[in-house]
């Protein structure tokens, strides 16, 4: 039997048992005096107990050992997390357009796992006050052995760019390949196995959990459909391990606790607070079929809403392959100054507005009110192109983390990584003054 099986749905209440232990879920109650198979009942809360029912998120886990069975936490920052940061004041603010060349994989002979390979590029806010976000990249080449990681500060939305992530969670196993994403909500323990050099992007949010965006007049269907999200089925291991490590990201710092068993010992579970994955190729694109370039919000896959209606702490937006058919229209993205911050990455292919310089595994940041838009080559080509129906972004997948917060770049992002392209601004310098007084 394959270890990689999934249940479909977004925000659903799921129930799952490892088939090796039928009837492991208690009948009719959550905490019986004695659980089946001698298991421990443990609730994992993703919202306050008193959150409205439509927003309340929690899951009951039935496990071989309770999570509390571990030695005291100690600092882990010598072993990992060297470039994981929440200090948004270590660099002076920089409003310039920023573009990063592809971030380096671990050097030859260097062994780096997922936790050790986390690097913070930019962010805003504070994990202690549960308000803000961070953008990280990961570059690793070995699996996490006899260890697990969880984030006490917020949710991780993980975007693989190169290499498949083989992820074991307390809820079960899932494989996440480039052009797929996964979300690991706050507190859920997981381990990442890889088969070689692996790279990708992470959006971390502190305030809230990710939601599907409202569709408004689009109607009941479209964009990312709930049925296409996949949550793993229960899987467990009953394994005694000397010095199994549980690494916690807490208030922006890493800590480790040792225990004598694998934490992936959940035999059964039920609830709606779960990890999940999504295949970006299943996104149902909505676009203009008459004129003008629509705002990129129509490509929103997931959103983490703020307390201000219609304004996100972070949106996850993609620019997938699609038809472009607008008449008498400049079809690429328009020139723009935005009250939001826009961090973009490229999973594969070439981005339509800048086919040179913006490469898979790299990134751009256009900060709040910093002008950006197509380069000179794109402008000239699109301004003079014959407007026939055409496929755009074929073989390409670009994405954007957009936030209402003004993000600061870390020292690693601006200096240490040595990937910031100092010549990025030049792509706009060849734009001509085409003004003609008729």
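Along the chain as shown, the residues are counted starting at 1.
Glycine is no exception: its Cβ is also placed from the backbone N, Cα and C atoms.
Here's what TrEMBL has on this protein:
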ACT_SITE  293  active site, proton acceptor
BINDING   336, 342, 372  Fe cation binding site
BINDING   351, 372  homogentisate binding site
DOMAIN    5-280  domain 'Homogentisate 1,2-dioxygenase N-terminal'
DOMAIN    281-435  domain 'Homogentisate 1,2-dioxygenase C-terminal'
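Contacts of residue 351 (homogentisate binding site) defined by a Cβ separation under 8 A and a same-chain sequence distance of 6+ are given as 319, 344, 358, 393, 396, 398, in order along the sequence. Closest by Cα distance to residue 293 (active site, proton acceptor), from the binding-site residues 336, 342, 372, is 336. Note on the recorded positions 293, 372: the fewest other CB atoms within 10 A surround the CB of 293.
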